[in-house]
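Quick look at what TrEMBL lists:
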| type | residues | note |
| --- | --- | --- |
| REGION | 33-53 | region 'Disordered' |
| TRANSMEM | 59-85 | transmembrane segment |
| TRANSMEM | 91-111 | transmembrane segment |
| TRANSMEM | 123-144 | transmembrane segment |
| TRANSMEM | 150-169 | transmembrane segment |
| TRANSMEM | 220-245 | transmembrane segment |
| TRANSMEM | 302-321 | transmembrane segment |
| TRANSMEM | 342-362 | transmembrane segment |
| TRANSMEM | 374-403 | transmembrane segment |
| TRANSMEM | 415-438 | transmembrane segment |
| TRANSMEM | 444-464 | transmembrane segment |
Amino acid sequence: MSEKIKELEPTIQLSSTLSNDEGNTFLESQQNHDIESQQKNEPINNDSNSSSTSSMKNFYVIASGYLLFTLTDSGLRMIILFQLYNLKYNALQISLMFTLYEFCGVVTNLVGGILGSRMGLRFCLLIGLVFQIMGIGLLCGLRIDWSKTIVIIYIIISQGFSGIAKDLVKLGGKSVTKLVTKDENESHQSKLFKLVAWLTGAKNSIKGAGFFWGALLYRFIGYIPSLLVLLVMNLIVIPPALFYLDHTLAVSKSKKKLTLKEIFNKGRNVNILSLARMFLFGSRDLWFEVPVPLFLRGPIGWSYLETGAFLAGWVMFYGAIQSSTPQLILKPARIYPVKSGKILVPFTIILLVITIGIAFGLQFIDITTQRTPLIILMIVGLFIFSFIFAINSSIHSFLILAYCHRDKVAMNVGFYYMGNSIGRLLGLIIGGVLFTYLNLAACLWFSVGALILCTITSIFLGPVPEDEINDS
């Protein structure tokens, strides 16, 4: 046995030597593999950081352009409204002049969503700005010696361009928030809701400032110079959008042809939320867009600046509440993070009760003998309405992004805001008819009906997808 072992010793030693060499080779290859892995990971991390920076650059460019556009668009509405009031047009005629603006919003939101998913948000933003410049340019050619029929048709056409512009630009502003938020250390819902609430609130605060800006321009420099100022403000937005925005932003990875079912059926929650949005904003625009400014300027007797200041304050307050909804309202009430769309139901019911109260007040307070109580009712009632409406709107704006898939965000947001535009269009037309032939109280009673339908619709909303809920 010992002799056999001695005979095998050279073989064992050789095997041991080979094993050591293989072990060293393995260790060397493992070290080389680790180094290669690190080298491969370094560019990936750099790309990730670069991607994050690029995403935020896209957000800043779109958000700033969206906000500046909003300032000019609301200012334009105020300038047209006061010019038409000076030319002795009634509420129905003025409402008719804005119908194409809202109707184009309906079509643009649907088509723009598809366009955004195919061509990107940069394309939509730039086309929107071009249409707004064309609309303002047309308004500069308005002549006061034309017949009323020609003036109505002319402004309808010019406002059609602005309606297309508004919703193409808004599509970018609303969609980009979904694209720049990622599920990292902080919950995705928290970041998304905060960003949506901030941008939506800022937009409405700027919109309020735009009302005052338009009234201020009209009062001190007149109709044509005011329009030229707004035109230049829109031109300022074009270079950053042209040179700094990613042209593939929001372009869908899916290139298959869309069917009618895919265009109109966005899933149960998105469809229901869009219908609720239609009733919600229809309830507001039944009285806010045309009747309230004319009521304040006419029966109440406020000046242009007083009317513009009130509307500006109302919308800016509304925007401030929207921005603070997640942290200062929902979180202290222990209903944040949002887990279901049914959260809209109690807030819509409160809005309904407030509207009934204002309608009752307008019905029974005589403006000729009780002017001061009526003004107090209008100011207090409308600001309370603004507070609850802002919470409702902020939750709405979050839910549409929570319910939709990231790859189809532009299409879903476009479809949702199509419902918004339908509500605004119906509210504008019906509100103009009611205010012309009845009174402001009638507008508010119809608003009550729209809020009842909004409440019923919201009951059927489902839960927020699990990946949007804060599990921390």
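Backbone N, Cα and C atoms are what each Cβ position is placed from, and that goes for glycine too.
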Problem set entry | Sequence-remote partners of the transmembrane segment (59-85) [C-beta within less than 8 Å, at least six residues beyond its ends] | 93-94, 97-98, 121, 125, 128-129, 132, 136, 139, 155, 159, 162, 165-166, 169-170, 172-173, 176-177, 180, 199, 202-203, 206-211, 213-215, 217-218, 223, 226-227, 230, 233-234, 236-237, 240-241, 244-245, 290, 293-294, 297, 304, 308, 311, 315
Seminar exercise, completed: Note: vs the transmembrane segment (91-111), the recorded stretch with the largest number of Cβ pairs under 8 Å from 150-169, 220-245, 302-321, 374-403 is 150-169
For this session: State the residues, same chain only, that lie 6 or more residues beyond the ends of the transmembrane segment (444-464) and have a CB under 8 A from a CB inside it; answer 'none' if no residue qualifies.
Result: 189, 268-269, 272-273, 275-276, 279-280, 282-284, 286-287, 337-342, 344-345, 348-349, 351-352, 355-356, 358-359, 362, 399, 402-403, 423, 427, 430-431, 434
Problem set entry | Top Cβ-contact partner of the transmembrane segment (123-144) among 150-169, 220-245, 302-321, 342-362 (pairs under 8 Å) | 150-169
